[in-house]
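Visitor: Got these off Swiss-Prot a minute ago, pasting:
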TRANSMEM  30-50  transmembrane segment
TRANSMEM  58-78  transmembrane segment
TRANSMEM  103-123  transmembrane segment
TRANSMEM  167-187  transmembrane segment
Amino acid sequence: MSVRHTIRAMYHMEQSWFSRVGQFTDSIEEFLIAFFMGAMTLLTFANVIMRYLFNDNILWALEGTVFMFAWMVLVGASFGVKRHFHIGVDVLINIAPARLRKLYALVAVACCLAFSILLLIGSWNYWHPFITERAWYETDDIPMPDMLQFLADWVNEGERYEKLPRFIPYAALPIGMALLTFRFLQIAWQIITGKLDRMIAGHEAEEDLEALKAELSEAGEAMMPKTQGKEK
């Protein structure tokens, strides 16, 4: 097998690997965002019903909602990179010659990668003690589900949890930053392979303006037969 064929085979293997992992990551992100958004909405609604109809409340509703919102935001940051939802400035890329756009894009994604890796390291260092020497540290109000009591044997020396241990909701930090780092690696690979020349894939204002122009054009075409009929 020639060197060219070997390089081509390695390229397709890398592309296939990124594609499979990317699809799996898509499923995780979409499931977590949908689950926590739905659960947060239902919990808030149930708490309102309890308060106004039964003069009672769900004690752990506020704390649970805060943790679910944190999960949704941290996972949503990764999902936003995938869908190009984040705000970016591409003035330099637009005025740069085509041969330099890839370089500018690689510099931008390298800065984002450095930032996300620092966040990943910091979030891991913050979360890790809560699953080791601080595994006993529980949340204030959220009860521990019976189906998760097996974790007590794994990390809490068999001592049963009454409330949800903090390492479970705090896991949003390393998981969210790991997903974010992977998304930046994915963007970097797309830039290297020529699929993208920038991290920003769309411009919301320009897209809205184009849509408005199209609507005005259609409205003008619809009015033309009526105007011509009146002239006759």
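Backbone N, Cα and C atoms are what each Cβ position is placed from, and that goes for glycine too.
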Visitor: Out of 58-78, 103-123, 167-187, which stretch touches the transmembrane segment (30-50) the most, going by CB pairs under 8 Å?
Guide: 58-78
Visitor: At a C-beta cut-off of under 8 Å, are there same-chain residues at least 6 beyond the transmembrane segment (58-78) that contact it? List them, or none.
Guide: 25, 28-29, 32-33, 36-37, 39-40, 43-44, 46-47, 50, 139-143, 169, 172-173, 175-177, 179-180, 182-183
